[in-house]
Amino acid sequence: MARGGRLLALFLSGASPLPPPPPSTTTSAQALRRVRHVASALRLPAPLLGREGAQAREAKGRRESWSAHAQWRQSYPRPSKEGGGGWRRRQQQQRQQHDDPQQVNLARSREALAPSLSRLGQVRPAPPHPPPPPGFGLRLLSLGGRRLPLSARARWASPFASVAAAAAATSAAAAASSFSSATFSCRLAAAAAMPEKRPFERLPGEVRPINYGLCLKPDLIDFTFEGKLEAAVEVKQATNQIVMNCADIDIITASYAPEGDEEIHATGFNYQNEDEKVTLSFPSTLQKGMGTLKIDFVGELNDKMKGFYRSKYTTPSGDTRYAAVTQFEATDARRAFPCWDEPAIKATFDISLVVPKERVALSNMNVTDRRPYPDDENLVEVKFARTPVMSTYLVAFVVGEYDFVETRSTDGVLVRVYTPVGKAEQGKFALEVAAKTLPFYKDYFNVPYPLPKIDLIAIADFAAGAMENWGLVTYRETALLIDPKNSCSSSRQWVALVVGHELAHQWFGNLVTMEWWTHLWLNEGFASWIEYLCVDHCFPEYDIWTQFVSADYTRAQELDALDNSHPIEVNVGHPSEVDEIFDAISYSKGASVIRMLHDYVGDEDFRKGMHLYLTKFQHKNAATEDLWESLEQSSGKPIAAVMNTWTKQMGFPLVYVEAEQREDEKVLKLVQKKFCASGPYSGDGNPLWMIPISICTSEDPTHAKMQVLMDKPELTLVLKDVKPEQWVKLNLGTVGFYRTQYSSDMLESLLPAIRDLSLPPVDRLGLQNDLFSLARAGIISTVEVLKVMEAFVNEPNYTVWSDLSCNLGILSTLLSHTDFYEEIQAFVRDIFSPIGEKLGWDPRPGEGHLDALLRGLVLGKLGKAGHKATVEEARRRFKDHVEGKHILSADLRSPVYVTVLKHGDSTTLDTMLKLHKQADMQEEKNRIERVLGAISQPELIQKVLTFALSLSVDGFAIDKMAAEVKAFFESHPAPSAERTIQQCCENILLNAAWLKRDAENLHQYLLQRKASPTAV
């Protein structure tokens, strides 16, 4: 599944001009999953969920069919039900709530916004029930966290991020005075957010499916569906009951027929709603052997973007329609049909769909038959080929109106990209990427793609960025569609990465699947690494590996340095815990340690090991240890011993290094200790990592002079033939997942290599980022980092500038309510002005992808920092754009929008909201939403928040906020958000300590620099 936004938490509620959302709008698990997976922006304003926009012709003939089916159900003697399953009661309640359009829009807007508020810290959406008390306004912030991972970012700051910063940033005095009380309150809040783990048992092993014969008939008017399941099963142990997963479904009848024997009807259905299971009871014992399980059932096409749900869209003629689509990972196949919904319980699937004859019907496999439905001339039954053995969470089906473009990859696979009607042109870039990607993976793994076709489809309402359903990959529109004229460069890069990620899963995750959710990191971490390998192959001009370091590697390190991180590999019991581990550790740290492993093993042996793993476990399930064993066989290296230190323990090391010159040798002394965001490690014992260390020198900065595995706390190395004037650097390519602290003389020797660019870009980036993180942790002075930043004045690389921009953004937010905020903005202008003047506003002949990204980044940074010439030019260009004199290029819109809003007034905001309303392209809507938060006046911040969530802005004081956290989560536990809450509280305290520790020194340095810049 594709990654989502950087975790910024925003809990907003209270004095609202609109009613609170209906209790059933969103579950905690769904909301958190969206925070962690959604990659692109929200869609506002949210439409109603009613049926009034549906076409009358869609209803013709269907009600009669449903009526007949209902009469048949009523006449059939139904078994008893215990525990009450029934979506009808919930549906009635929801429809009562939907009577208030304002309430529905507010609820949908809250849910949609949550994934995108992602710049400053960790996010949770407003709780689904009960509504918070009046006047409650809780915002969890880390005062300027790292931006989105590349696979979830690819464009500007997330929607309304600056609003959160403006509304939440605290003064130095408030933060310092509140520190001790906030510490206590935040710890209480974290404890309050930690309910006891729910007891859980996996499905019993008496009965197992061999094949699912599944027919579903969705009704796009009543938002219901009926289904028939005819499953070939094996009774492995005599029993008088069958336990399956089932949620939000009403079973009508169930029976079991032993092979060659009479049918036995179930006499009772016991729904265990808490565990989402149903037990079918039979009057006699089911003996060991093969048989057929038949179940008739009905369910709801829900509006929660999980299970089998409805997705609202608008036709080119302006009509409102609905598609029926699926999203099953992790545990929502059970909402579409009764099943054994665990990844290790694999089976084949024969799927058929009964749909309106004018609709497109898609599933995992190719269509084998499409014939009129005998009971209704307006319907057709579409049958699909049998799938390979697969897990339930990878099953998918879609019914709707779509255009498509198609091609065949060089290895003969039919590739289609399905788009909304009239937008087929926007699917061509993704089609190109997919057609290149399939042969690349086939060659890399030496394993062919196992299905005859693959479809990529854009879904209007989709919670995740994308989902890797085998043969039918679903995407939100902004993760798949590219308008050749109006999409920016970062959007193209984003689509390439998401396509690469999801198609990697077709092998790693689908062909070979994790045995249980404990090994989820392997699915996601591997795909998050190899997506970059694929994009680097297809688009080498993107310099994507340098971007990986800024987007994923450093992001993972920031989160993993917290006390409230977790190991990559987490034991999962109840499936509800899965939502909590879909985070930057699963994706970004997982990808980073796989990248380190690949470098340690070498590409050739790594590919051999991957081939061995995929062929050995194809159509089966595997655990992390199985991959390590395959790589050990191919490389002869102690993979398991090395990798267990990275996957089974939390955190990562800081390697301190100092050098001593002895004639033509440098003697290096290395010491490893756990790196902590709160400062030098002082815990019990000393965690140990087996660290692949690579060392380069100024003689050849691109190749390792020495490589060694550091498997003890201290290590002494001798580098021969190294002259005194030569510099030495650890972690060549910033590949090892550790931070480096150099002695002062070693660091001083590296600064000229930054200025003259002899140090490669990825190493310049890594060095700067290590220093910034050491300063945040209080290990070195922040002033020292600013001095090093000045060495980057000649920097040409986009990603290095991007990382500098991010770190200066964090620092600016931290200082935003101090009396020397203008001084830090002047520092930003001084750093960015030379590169801004060099780039200018308009692209030059011969410029490429990275030049476009750099120009947008630099102009936006200068504009927000109040660079006079940039602000004036942005206003001029914006005026011409609005008046239609000269339309802004897609790559310039974000920097222009953010600049004019930052220094604009109510008229500017009104104009921007008008542009949002007029935009017919989702990317443009998202782009505007991402910059609305740049507005700085309090009364206009209020207006933006009203637009986004209809919620009021509260002030921010760290002790008050911590108390609200505690009170809120004592009253409204959010089990799947507990770690997120802890991390937010911890980040608040860390930033308060940082401000208290370094504010005065920073102030003095910036004043000195302002008074005599040449002397600093």
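Placement of Cβ uses the backbone N, Cα and C atoms for every residue, glycine included.
Look at TrEMBL and you will find 44-104 (among others) tagged as region 'Disordered'.
The annotation compositional bias 'Basic and acidic residues' is assigned in TrEMBL to 54-66.
The region 'Disordered' feature in TrEMBL is assigned to 119-138 (among others).
As annotated by TrEMBL, compositional bias 'Pro residues' applies to 125-135.
Look at TrEMBL and you will find 209-394 tagged as domain 'Aminopeptidase N-like N-terminal'.
Residues or ranges marked as domain 'Peptidase M1 membrane alanine aminopeptidase' by TrEMBL: 429-646.
For the recorded site, HIS505 (Zn(2+) binding site), the DSSP three-state label reads helix. What TrEMBL lists as Zn(2+) binding site is HIS501, HIS505, GLU524.
Summarising the annotation, TrEMBL assigns active site, proton acceptor to GLU502.
In this structure, HIS505 is the one among the binding-site residues HIS501, HIS505 with the smallest number of other Cβ atoms inside 10 Å of its Cβ. If you draw a 10 Å sphere around the CB of GLU502 (active site, proton acceptor), it holds 29 other CB atoms from the protein chains shown. There are 27 other Cβ atoms within 10 Å of the Cβ belonging to GLU524 (Zn(2+) binding site). Mean pLDDT, taken over the domain 'Aminopeptidase N-like N-terminal' (209-394), works out to 96 on the 0 to 100 scale. In this structure the C-alpha atoms belonging to GLU524 (Zn(2+) binding site) and GLU502 (active site, proton acceptor) are separated by 10 Å.
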